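Marked as active site, nucleophile by TrEMBL: CYS274. Residues or ranges marked as NAD(+) binding site by TrEMBL: 13-18, ASP34, ARG39, 87-91, 128-129, GLU163, 274-277, ARG344. Positions annotated as substrate binding site by TrEMBL: 159-163, 218-222, ARG258, 265-271, 336-337, ARG440. Under the heading domain 'UDP-glucose/GDP-mannose dehydrogenase C-terminal', TrEMBL lists 330-445.
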Amino acid sequence: MAPIEVKKICCIGAGYVGGPTCAVIPHIQVTIVDLNQQRIDAWNSDELPIYEPGLDEVVKKARGKNLFFSTDVDKGIEEADLIFVSVNTPTKKSGIGAGFAADLKFLQLATRRIAEVAKSSKIVVEKSTVPCRTADAMRTILEANSKPGCHFDILSNPEFLAEGTAIEDLFAPDRVLIGSLQTQQGLDACAALAGVYANWVPRERILTVGLWSSELSKLAANAMLAQRISSVNALSAICEATGANIDEVAYAVGKDTRMGSKFLKASVGFGGSCFQKDILNLVYLSESLHLPEVAKYWRAVVEMNEYQKSRFANKVVDTLFNTITGKKIAILGWAFKKDTGDTRESPAITLANHFLTEKARINIYDPQVSKDQIWLDLTDYGDIPAEPIKPHVTISQSVEEACHNAEAIVICTEWDEFKTLDWQKIYDNCPRPAFVFDGRLILDRKALTDIGFKVTSIGTGDRL
Ligand SMILES: NC(=O)c1ccc[n+]([C@@H]2O[C@H](COP(=O)([O-])OP(=O)(O)OC[C@H]3O[C@@H](n4cnc5c(N)ncnc54)[C@H](O)[C@@H]3O)[C@@H](O)[C@H]2O)c1
């Protein structure tokens with residue numbers, strides 16, 4: 001049988017994954033649809049809704065040619081042979097599995113819509129991160145609601161891009177993973193999607209596996225990456241207590257080729273929309289499978305991350321002579337990591353809340369996060385009233401403004417621009433003693449100490 005040729009693609013969900021992932025597909029017509037009018041308008045404008053190095057150029061080159069953004073979800077579905085489902089799958093906030101399980105309502109709504117609208121057979125691709133065996137539920141929904149003659153093949157194709165390097169990752173991925181049922185139809189659908197990627201990804205990097213392995217591999221990869229960060233952060237606490245230096249320890253450990261050097265940078269903790277949510281998802285899956293020890297093991301990775309954030313916040317308070325009431329603290333960086341404007345689960349939010357509870361005044365600066373977004377984060381999207389904290393919060397337009405008169409400067413995000421600041425000038429505008437807390441290990445501790453700052457870095461003890 002001739003391989004299935006994909007002529008038109010639709011992607012449901014124009015977010016951090018749907019937008020960049022589809023923008024790099026060459027030749028084939030791709031329409032990215034979303035219910036959020038504001039987001040689609042932004043994708044169609046000069047101010048894209050997300051910041052990602054290189055994204056502007058890629059989108060501007062393809063938009064209007066083979067790349068389209070629309071709120072007409074039904075038309076997108078109807079016209080496509082292959083549909084990526086790239087909607088959000090956040091952690092459930094209430095009900096069974098609250099705080100752990102993935103909330104699949106957006107995925108199920110999108111699946112239902114596909115079944116209701118499709119007039120011809122489609123390949124439906126799970127791109128969202130989902131618990132293992134979600135494709136089963138999707139198949140049941142699709143089969144129960146489809147029109148006669150419409151057949152759906154479901155593939156799992158998890159996205160491994162990292163925010164901040166998404167375009168690089170997408171153009172030259174370590175691997176593309178496609179999971180399918182091992183039936184002839186499943187394998188044909190898998191070959192069709194592999195054919196799409198083969199337009200720019202070498203064949204040996206396109207891995208094809210069973211559906212359930214593919215779904216689980218995404219959770220497994222994130223859990224193991226986060227586990228390395230929690231391990232190195234646990235060691236950073238030992239370094240601080242012993243006089244060892246975490247950067248030196250990480251360097252020595254990372255030189256072991258069995259280990260490798262990546263994901264060994266100690267920090268104030270990991271953030272982002274995926275690590276915590278995906279590990280909790282794995283914890284819930286383990287519990288559902290009656291594997292409490294496995295659940296406990298993965299839960300500890302998240303607990304270590306919470307510990308690292310509160311340990312760092314407490315260190316700021318301790319160092320400022322056990323009180324920060326009324327003191328001005330500059331928070332440099334609000335995004336969960338550099339080169340993204342994404343703030344989901346950012347450690348900066350936890351630190352800011354901690355400082356506000358201690359009645360400090362905080363000045364926040366981030367080069368890519370808007371004032372509105374910072375307020376949404378501080379008020380937990382409206383759940384916490386803004387009025388009581390307003391007098392204690394200033395959102396600054398520059399580092400200098402944020403640090404002016406600050407008793408403590410706290411680095412929360414590793415933006416490159418923080419490495420090359422005029423620290424002498426900043427010091428001249430700070431009261432004495434002037435404290436710097438390097439939550440990302442990016443500053444030259446000696447240079448700052450020579451200027452006169454009292455520097456505290458993650459994983460570096462004072463004991464010689
Ligand atoms: N952000 C990352 O770095 C990353 C990396 C790999 C995988 N993932 C996974 O990819 C998925 C998407 O993540 P994201 O960061 O792009 O989320 P996001 O919240 O940025 O985007 C999801 C989009 O889907 C839209 N949407 C929801 N339901 C819809 C529906 N029924 N019809 C049309 N549009 C709908 C929303 O309006 C939103 O714009 C998640 O499962 C996530 O875990 C994320």
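Any Cβ shown, glycine's included, is placed from N, Cα and C.
The model shown is predicted, which means the values in this text are computed figures rather than measured ones.
Close to ligand 1, meaning a Cβ under 6 Å from one of its atoms, are these of the binding-site residues GLY13, ASN88, THR91, ASN222: GLY13, ASN88. With respect to GLU163 (NAD(+) binding site), the closest of these binding-site residues in Cα terms is PHE336, chosen from ASN222, ALA266, PHE336. When the binding-site residues GLU159, LEU219, ASN222 are ranked by how far their Cα is from the Cα of TYR16 (NAD(+) binding site), GLU159 comes first.
Counting only same-chain residues six or more apart in sequence, the Cβ atoms lying under 8 angstroms from the Cβ of ASN222 (substrate binding site) belong to THR129, CYS274, PHE275, ASP278, ILE279. Taking the C-alpha positions, the distance from GLY269 (substrate binding site) to ASP34 (NAD(+) binding site) comes to 32 Å. The binding-site residues under consideration are ALA162, LEU219, ALA266. Their Cβ neighbour counts within 10 Å are lowest for ALA162.
Here the candidates are the binding-site residues GLY13, ASP34, ASN88, THR91, GLN276. The one whose C-alpha lies nearest to that of PHE336 (substrate binding site) is GLN276.
Counting residues per DSSP class in helix, strand and coil order gives 37 helix, 19 strand, 60 coil for the domain 'UDP-glucose/GDP-mannose dehydrogenase C-terminal' (330-445). For the binding-site residues shown (TYR16, PHE336), fewest C-beta neighbours within 10 angstroms: TYR16. Secondary structure at THR91 (NAD(+) binding site), taken from DSSP and collapsed to helix, strand or coil, is strand. Here the Cα atom of GLY13 (NAD(+) binding site) is found 13 Å from that of GLU159 (substrate binding site).
Listed in sequence order, THR91, ALA226, PHE270, VAL302, ASN305, GLU345 are the same-chain residues six or more apart from GLN276 (NAD(+) binding site) with CB atoms under 8 A from its CB. The C-beta environment of GLU159 (substrate binding site), restricted to residues of the same chain at least 6 apart in sequence and closer than 8 Å, consists of VAL17, THR21, SER86, LYS127, THR129, LYS218.
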